[in-house]
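Below you'll find the structure, written out as structure tokens, and then a few comments.
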Amino acid sequence: MNNSISKEFNLSSLIKFSLPTIIMMLFMALYTIVDGVFVSRIVGINGLSAINIIEPLMNLFFGAAIMFGTGGSAIIGRKIGEKKDDEANGDLSLIVLTVFIISAVMSVISLLFLDKIIYFLGASDVLFKYCYDYLKICLTFIPLLMFQLVFSSLFVTAGKPALGLAFTIIAGITNIFLDYIFMVPMDMGISGAALGTTIGYMIPSAAGLIFFIFNKKGLHFGKIDKNLKVLTECMTNGASEMVGHVSMCITNWMFNVTLMRMLGEQGVAAISLLLYAQFLFNSMYMGFSSGVAPIISYNFGSENKLQLQRIFKNSIKIIMVSTVTIFVMSLVFAQDVVSIFIPKSSDTYGLAIRAYLLFSVTFLFSGFNIFASSMFTALSNGKISALISFMRTFVFIAGAIILLPLVIGVDGLWLAIPIAEVLALIISITCIVKQKDRYNYIN
């Protein structure tokens, strides 16, 4: 099977190979954030708060899709490295079919109990209608959302990261254009934002299906093996991503409920801004980690220790430089970032600025933790990957949300994620050091 992940990579070629995935993840983040910008500017602060209220449910779908995408990519990449092309093609078909079935079932169940779900997520009576109008459209097209996320990983494994980037950029531009059309001239409000986003999902989803049907010289849909154990391995291997997103569901819900009690809708709007910023900047780390993961899987499968060590060393260099750069940028452009979502004339602006400056510390540490978790997934060690992800995205954050406000008030909520990242960094470094002899990524 012809595949560009088998070549040797130095620092520059590693950046070049992963750059399309980084840009792709940035665009995916941006056209999610665009909804928030349009909603906050056109619908108002309550609309922005509503999107954050329903975000835990959407994260559940994100997590399931990324679990199959990253877990499946690691398996497929390893089998390509082992020259088991037919098995890799069959696994691709099985994973995509499974994602469709699961997404359809999840969509139907969520729509049947939508009212109860919205109130459970913490919506007030003021926010209910905004949440309902947005969710009913997004939930109808959940299979498209999940396909997009799965294919974004599989395009890289197929050695075509630039193709995934192109489709994602087209989808992002389409989403921005339709958000404007639906929300401004057509005056559809928050429903217009949801409709623009879901139509954007269709482009990379359809493109992925077409590509893997006709890509006969590379990774393509093949005959499904009767042995379905690959699904268990896929879910186990991608468990860290699912655990991470389920954890985000719970902690986001905890943030919303706590802030609704302490500050009302303004508090939820402020945390919405912080989580959008986190989503944007972390998407760079996630894009790099996703781009490098198939290369790690391939070289692990082909037992190329020297290349694996070179990839690890260069990846750490890239992560260290990018974390400092992003942290500095987040401070320099703090007012600009906040004012995109919340006008300076708003009562929420001062609260949001203070929250953002305290929160920005997280960008110094999150990149390394994201890479560490992704690397162990690529090495088919879902347990360690899940441990890092679970502690980082749930245990430490949940503990901080509960304890810090008792000590330092509402500032404790803005510092919850930064403190969680610092604690997770200790675990990440410990796991990397302890596993170095097993995987030989350090000479």
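Heads up, residue numbers simply count up from 1 along the chain you see.
Placement of Cβ uses the backbone N, Cα and C atoms for every residue, glycine included.
Copied over from TrEMBL, here are the features:
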type     : residues : note
TRANSMEM : 21-40    : transmembrane segment
TRANSMEM : 60-80    : transmembrane segment
TRANSMEM : 92-114   : transmembrane segment
TRANSMEM : 134-156  : transmembrane segment
TRANSMEM : 163-183  : transmembrane segment
TRANSMEM : 189-214  : transmembrane segment
TRANSMEM : 235-255  : transmembrane segment
TRANSMEM : 275-297  : transmembrane segment
TRANSMEM : 318-341  : transmembrane segment
TRANSMEM : 353-372  : transmembrane segment
TRANSMEM : 384-407  : transmembrane segment
TRANSMEM : 413-433  : transmembrane segment
Contact yes or no, the transmembrane segment (384-407) and the transmembrane segment (92-114), 3+ Cβ pairs under 8 Å, gap 6+: no
The transmembrane segment (189-214) versus listed stretches 21-40, 235-255, 318-341, 353-372: most Cβ pairs under 8 Å: 21-40
Beyond the flanks of the transmembrane segment (134-156) by at least 6 residues, Cβ under 8 Å: 21, 24-25, 28, 50-51, 54, 57-58, 61-62, 64-66, 68-70, 72-73, 76, 92, 95-96, 99-100, 102-104, 106-107, 110-111, 114, 117-118, 163-164, 168, 171, 190-191, 193-195, 197-198, 201-202, 204-205, 207-209, 211-212, 219, 290-291, 293-294
The transmembrane segment (60-80) vs the transmembrane segment (235-255): 3 or more CB pairs under 8 Å: yes
Intrachain neighbours beyond the transmembrane segment (275-297), with Cβ under 8 angstroms and 6 or more residues off its ends: 5, 9, 14, 17-26, 28-30, 32-33, 36, 52, 55, 70, 73-74, 77-78, 81, 152-153, 156-157, 161, 252, 308, 311-312, 315, 318-319, 322, 326, 330, 337, 341, 356, 359-360, 362-363, 366-367, 370-371, 373-375, 377-380, 417
